[in-house]
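Structure, as C-alpha cells:
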Amino acid sequence: MMTAKRINPDLQRERDAATIDPEELTRIIFDGAKELDKKRKLEDAVFNDPDYKSIPLNFMSREEQYEEGIRRSAIAVTKKEALGDLIENHNDLISYNTLACGIGNAFFLHESMFADSIKRMATDELKQKMMPLQQKFEIIGTYAQTEMGHGTFLRGLETTAHYDPNTQEFVLNSPTVTSTKWWPGALGKTSTHAVVLAQLYTQGKCHGIHPFVVQLRSLEDHKSLPGITLGDIGPKFGYGANDNGFLRLNNHRIPRENMLMKYSQVAPDGTYTKPPKAELTYGTMTFIRSMIVRASAFGLARGTTIAIRYSAVRRQSEMRPGEPEPQVLSYPTQQYKLFPLLATAYAFFFVQKKMVETYSVVNQQINDGDYTRIQELHGLSSGLKAFTSWATNVGLEICRMSCGGHGYSMSSGFPKLYVDFTPNCTYEGENTVLLLQTARFLVKSLKEGKRGAKLPGTVAYLSSNVTELRARATSAGRDLKDPRLLVALYKERAMRQIMFASDKVEAARSEGLDLVGALNRASVHLVRAANAHSHLLVVENFHEKLQELKVSQKLKKTLLQLFQLYALDGITNCSGEFLEDGILSGTEVKAIRQYVVELLPLIRVNAVALVDAFDFRDEVLDSVLGRYDGNVYEELLKWALSSPLNKTDVHPSYDKYLKPLLHRNRSKL
Ligand SMILES: CCCCCCCCCCCCCCCCCC(=O)SCCNC(=O)CCNC(=O)[C@H](O)C(C)(C)COP(=O)(O)OP(=O)(O)OC[C@H]1O[C@@H](n2cnc3c(N)ncnc32)[C@H](O)[C@@H]1OP(=O)(O)O
Ligand SMILES: Cc1cc2nc3c(=O)[nH]c(=O)nc-3n(C[C@H](O)[C@H](O)[C@H](O)COP(=O)(O)OP(=O)(O)OC[C@H]3O[C@@H](n4cnc5c(N)ncnc54)[C@H](O)[C@@H]3O)c2cc1C
C-alpha cells in the first residue's frame, strides 16, 4: 500500500474533533508504553524488510499461497533470532509471527500446541530430547487429534496405540476410514512430527486416549515414513495458505518413551498407571481456548476499524435537495450497527487480559500439582472462547455489510478477515459443545453453593440467592446507566438462567433420566445459561477495569460511555431474559432502548479516535476501505488496475470463445 500523502478531510475532521488522545488508550490496550514501543519496533522490523513483501494474496493460486506462507514462515524463524529483546514472551512471538507470516503462519501449531503438549505432558527425558529440536526448528510438529469421524467426542477417537512389551514399542493404526486424522494444521505437507492422540491398549485393556510423539517424515528428504500416509485435505472456506492435512497409520511403530508420560505411564512390561486427573490430557486445548479470546478482541477491533474509518469517508444520499450528502457515519442507523461492536471490542480487550492472567495463575498451580481450580479454568475458558468468538463472527459480517457494495470486494479486507476468523467458533472445541461444558460446571457450582460450599471467584455469586441479588440491585439505586446497577442486573439474569436450566436438569432426573440424559434434555437452556454467565463476566470485568484504570478524566468518561453502551445494548438484545423474571420492567427496557440511541452521538465524537487507538498499521489492516489516510477511492482504482485480469486490454479468452461467438454469423453476411 502507498504511504499516506494527504489525509482525507472528513477523516481529519473526525480526528480533530475527538476529545480523547488515542495514544493514551493505545498504551492501555498494549499494557503500557514499553510494551507498545516493542510492538511498534517489531512491526518496523517486519514491514521495513523487503523479504516480507509479496503480491497480494488475493491474486495468488492456492499452491502459490502455500509456498509463500512457507517462505515467509521460514525466514521469520531465522530473522527472529536477530530481534533479541523484542521477543520476550509468547505474546511477542505470536505478534511477530502474525505480522511476518502475514498470509498464514505455517508453524503456529509447532510453536503452540505441539510445543505446549510436550512441555506439559512429556517426561523430563523426552522433553530434553524433543524441546531443543523443536526450538531450533530441526523438526516441525503439529497436533493431530481430530479424525474424520470425530472432532468433538474425544473418547470416541478410533486411532489405536497397542503396546508391544517384546519390542517396547507402540504400534499405531488407523483401523477405519473414519479414524483418519483430518484437519490438523500443517499436517499435509509441512510437519515432520505430530503429537497424535490415540486409544491406548496395553495388557489387553483399553485405557482411553493418550498423546504420543510420532515422526511422520524423514528428516533427510522429507518423504513420509513407511506406514504413514499423509496429504492435504483440499481447499477450504479460508486458510488457503495452510495445508490442513490427513494422516493414516498402518502398523507404525514408535518407541515406548514417545508416549507423553508425565501424568500416565506404561511401564516396560506394559503395566499401566493412570493420571491423577484424566482432564490433564486436555490442558493444551484450554491454553489455546484462552488465546482465542484474545484473537476475538483483535478480530473485532480490526473489523470496526475498517468499517468506522470508511463510514467517516463515505458520503451518501442528500437528505434534502441541494444539501451536501452526509457521511454515512452520521446516520444513527449506521452508528447503531457499529458503535455497540466498537464497545464490544473494548469489552473483549479487557476480558482477554483477565483470561490470560487467570490462565497463567491456574496453569502454574497445575504444574505445581494443585488441581483445585482446573474445573473453574475449564468453565471460564470454554465460556469466554465461545461467547467472544461468536460475537466477533457475527460482528464482522455486520461490519462488512455496513460498508455497502465495497465491503464485498476483497480489497475491503473483510472476506479474508471473516473466513480466517470464523473457524475460531469451531476449532479448539465447537462453541455449543463448549458452552455445554461451562453449563455443566455452573449447574454443579450452583448445587455446591446451595450446600454452603465456598465457590471460586468467577462463580462466587452463585452462593447468594436471587432475593439477595435483587436486594443488592435495588440498593444500587435505579439509575439505569449506573454501572453498579448494570452489573447487578446481569448477575441476577445469569443466576436466574442457571437456576432455570438446573431446574430442568433436576426435573428430567426426577423422571428417571441419568445425569447425561438429563443434561442433554435441558441442553438448550444450559447453553443459554452459560451464555448469560459469560456475558456477565465480560460486563463485570469491564466495570472493574473502569474502576482500576488511572487515566485522564476525558478518557474515563469515554470508557464509561462505551461500558454503558455495551451493557445497555446487551440488555436490549436479550430483553426477554430481563423481563421474564421482573429483573427489569417493560418501561425500563423501553427507557434503555432510548439510552442506547442517546449514547450513539456521544460515542460518535470519538469513534475514529477509538479505532485509531487499536493501532493497526495499514499493512496489518490490509484494507483499502480502512486505510489510515482515508484515500479510499484513488486506492480502489489502483487496486482494480493491479488485478491480473487487467494485465492485457484483450484477454486470451476473447480469441478462444468470444470472437467465435460474436463473429459466428459473419461468413453468412
Ligand atoms: C496480533 C494478533 C493476536 C492474536 C492473538 C491470538 C492468536 C490465537 C489464534 C488461535 C488460533 C488457533 C488455531 C488452532 C487450531 C485448531 C486446533 C484444534 O482444533 S485441536 C482440536 C481441538 N479439539 C477439541 O477442542 C475437542 C473438543 N472436545 C473436548 O474437549 C471434549 O471431548 C469434551 C470437553 C467436549 C468432553 O470431554 P469428555 O472427556 O467426554 O468429558 P465429559 O464431558 O464427560 O466431562 C468429564 C470431565 O472432564 C472435564 N473436562 C473436560 N475438558 C476439560 C478441560 N479442558 N479441563 C478441565 N476439565 C475438563 C469436565 O468438566 C468433566 O468434569 P466433571 O463434571 O466430570 O467433574
Ligand atoms: C480451520 C480448522 C483447523 C483445525 N485444526 C485442527 C488441528 O490443528 N488439530 C486438530 O486435531 N483438529 C483441528 N481442527 C478440527 C477441530 O478441532 C474440530 O473440527 C472441532 O473440534 C469440531 O469438531 P467436529 O468437526 O467433529 O464437529 P462436530 O462435533 O461434528 O459438530 C457438528 C455439530 O454437532 C454439534 N454437536 C456435536 N456434539 C454435540 C454434543 N455433545 N451436544 C450437542 N451438540 C453437539 C455441534 O454443536 C455442531 O453443531 C481444525 C478445524 C478447522 C475448521
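Cβ from N, Cα, C; glycine included.
The domain 'Acyl-coenzyme A oxidase N-terminal' annotation in TrEMBL covers 21-140. Here the domain 'Acyl-coenzyme A oxidase N-terminal' (21-140) has, by DSSP, the following mix of helix, strand and coil residues: 92 helix, 0 strand, 28 coil.
In the three-state DSSP assignment, the secondary structure recorded for GLY185 (FAD binding site) is coil. As annotated by TrEMBL, FAD binding site applies to THR146, GLY185.
According to TrEMBL, the domain 'Acyl-CoA oxidase C-alpha1' annotation covers 282-443.
According to TrEMBL, the feature domain 'Acyl-CoA oxidase C-terminal' maps to 482-662.
Cβ neighbours within 10 Å of GLY185 (FAD binding site), excluding its own Cβ and spanning all shown chains: 25. Under the DSSP three-state reduction, THR146 (FAD binding site) is assigned to coil, being neither helix nor strand. Cβ contacts within 10 Å of THR146 (FAD binding site), excluding its own Cβ and spanning all protein chains shown: 18.
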